[in-house]
Each structure stands twice: as structure tokens, then as C-alpha cells.
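Now, the feature entries from TrEMBL:
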type     : residues : note
TRANSMEM : 27-53    : transmembrane segment
TRANSMEM : 81-99    : transmembrane segment
TRANSMEM : 111-129  : transmembrane segment
TRANSMEM : 141-161  : transmembrane segment
TRANSMEM : 173-192  : transmembrane segment
TRANSMEM : 219-241  : transmembrane segment
TRANSMEM : 262-289  : transmembrane segment
TRANSMEM : 327-347  : transmembrane segment
Amino acid sequence: MSAGRTTAPGVAAVRLGPVALRVRRRAVVATLAVLLVLVGVLTVALLTGALALPVDRVLVALAGQGSGVEQLVVGRRLQRAAAAVVVGAALGCSGALTQTVTRNPIASPDILGVTAGASVFAVLVAVRPDVVEGALGVPPQSVVGVATVLGGLLTAALLLVLSQRGGFDGFRLVLVGIGVNALALAVVSWLLTRAELESAAVAQRWLVGSLEGATGTEVASLGLVALPGLLACVVLADRLGALRLGPEVARSLGVRAGGTQVGALVLAVVLASAATAVVGPVAFVAFVAPQIALRAFRTAGPPPLAGAAVGAALLLVADTLAQSLPVPLPVGVLTSLVGAPFLLYLATRSLRRTRG
């Protein structure tokens, strides 16, 4: 491998045998920074908690040795960190896709109502398990994931139907999404009022958004969904890049704008709904992560893969901070506290640009 001369400011040519690649130095630096954050916060997450462990005991436990308590604690912390990384990556990629499709920086699955729509079906399974088991003949817990993804897809279909009059319009989609989000949240509240106390309490804890109950099987299943999704983003990279220039320009470049928009939106919905099925609706990660990635990597639009990396780091940092507080909080509470002001900032800035 050899580095060639710089082809443009901030871009270097790297030769791998007969293949020459153009590498943006900014992207390399940003990627290394995200990886360092992930490694650093993962180390802190494994060392700290109700039972603080020194580095040598953590390494011994990771090797399958040490006391049973140490292996149990480290294993649980590692599982929780893995859940944060996989869920954060799925949400970050999903947010980047929705923001690319709508060409709107405040668009994300939670703001468009997709997450709330997915939650309706999950809560329905939680509060009426007898109906689900009687209708399907299977334990309700086994269909929560499928129900959540189905709810997200049906919500997305409703969004497209209501916003397609006169052609696809990202701004109209966001406005319709805000209304659908309010409607879905109202349905969730109604379901909780009709549920038994115990079932309502379980659903309410899930609705906060927490990594506490994520199992290894659920995290692995989400990984099997997220990995093909990330690979699909690599395949769609050129089409998404053309889509950022607008549907008309994309069509002039030979890209089927309508098909790409729908395909990217479906992919975003599946990623967000699958993540929601595992940990509940964790607010604002899908919204904030692509915007941080956009600024860190200095790309033309929200980058899905970089958004996934930033989302993974962001959720891991948020959960580690939430667990280090005197009274530990569900990670969804902390992300809401941080994400809401950022949403107001972006909305205010967009309004100023429109008036200017």
C-alpha cells in the first residue's frame, strides 16, 4: 500500500496494488475519533458501576476466568454495551436515511411518528397478551419484534399515502408525520388506560426507552437486521448522493428518485422499528446522530454509515452517563433531555434561514 499525491485539498490518493482509492483526510480523522470514543467509553462502562472493578479483573473475567460474580458483572455490562452500540447504530443509520429522503434536518423516525406507530403495536401486545395468544396461538413475547416492525411499516405507509398528493414532498411528509406521531401517542395512552395495572406498568417502563432488559438474543437478532441494512446503504450510496441534490437532478443523472426514496424510507423504518422492539423508543438518537456526523465528517448530506457510527457512540455515552448518576436513569430520559434543545436549535436556525 502506498499513498500517492494529494488529488484535491483534504483528499489523498491511496494505492492498494492496482486499485487507487481517494480518501478524505477529514473522514479518516473523524472515524478515528469516533472509534476512540467507543473504546474509551466501553472501557469506562466495563470498569464502573455498583461494583467497581480494576482493569486486570475485567480482563480476567473477559477471558472466562475469575470469580463467578466478576464474570456475571462483566458479562452483563458487556451485553448492555453491545446493546447500546447495535441499537445506536441502527437508529443513527435510520435517521440519516430519513433526513436524506426528506432533505430536512429535523426529520427522523421518532419525529415522523414511525417510532410511535411501532410502539402502538408493541404496547397492544403487552397490554392484551390474552388476545394475541388466542388469535395466534403463540406466546406474546415471541411476536413483539414482528409486531413492532409491522407497526412501523404500516405507519410509514400511512405517511406516504397522506403526503403523496401532488408528488413526494419532504416538508409535507414531516408535517404529516408530526400529526401521525401525535395520533399514535394518543392511541398508546388510550391503550394504557384500558390495560390492567401490571400490564400497564410493564408497557410504561418499556416506553421510557431503556437498555436494562435487552437480552443477548435480542441484541444478536437486531444485529442480523442492522448489518444487511448497513450493507444496503453502501450499495445505495451513489443513489442517495444524487437524491440529496433533489429528485429532478437525480432523475437527470439516471436515478429512479421515487423508487430510491421509498426503498430508503422502508429501510429506515425497519431499522428504527427493530431497534425500538429491543429497547423501547429511545428518543432523539436517530435525529441527533446524523447531524453530528454531518458536521464531523463534513459531507454534503447526512451520511448513513457515519451516522450509524456516531449513533453507536452517542447511545453508549448516554447510557454510561445515565448509569453513573446518583440515581440511574433510563437512557431514553437522558437522550430526550439532550435531544430536545438540539431540535429547538435546528428548528430556529431553519426558520431564520427561511426568513433570510
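Any Cβ shown, glycine's included, is placed from N, Cα and C.
Between the transmembrane segment (262-289) and the transmembrane segment (173-192) there are fewer than 3 Cβ pairs closer than 8 Å, counting only residues 6 or more apart in sequence, so the two stretches are not in contact. Tertiary neighbourhood of the transmembrane segment (111-129): same-chain residues 98, 140, 143-144, 147-152, 154-156, 158-159, 173-174, 177-185, 187-188, 191-192, 194-196, 199-200, 202-203, 206-207, 268-269, 272-273, 276-277, 280-281, 283, 286-287, 343, selected by CB-CB distance under 8 Å and a gap of 6+ residues from either end. Taking every recorded stretch in 27-53, 219-241, 327-347 and counting its Cβ pairs under 8 Å to the transmembrane segment (81-99), the highest total belongs to 219-241.
Beyond the transmembrane segment (173-192), the same-chain residues lying 6 or more positions past its ends with a Cβ under 8 Å from any Cβ of the stretch are 102, 104, 106-107, 110-114, 116-117, 119-120, 123-124, 127, 155, 158-160, 162-163, 200, 203-204, 207.
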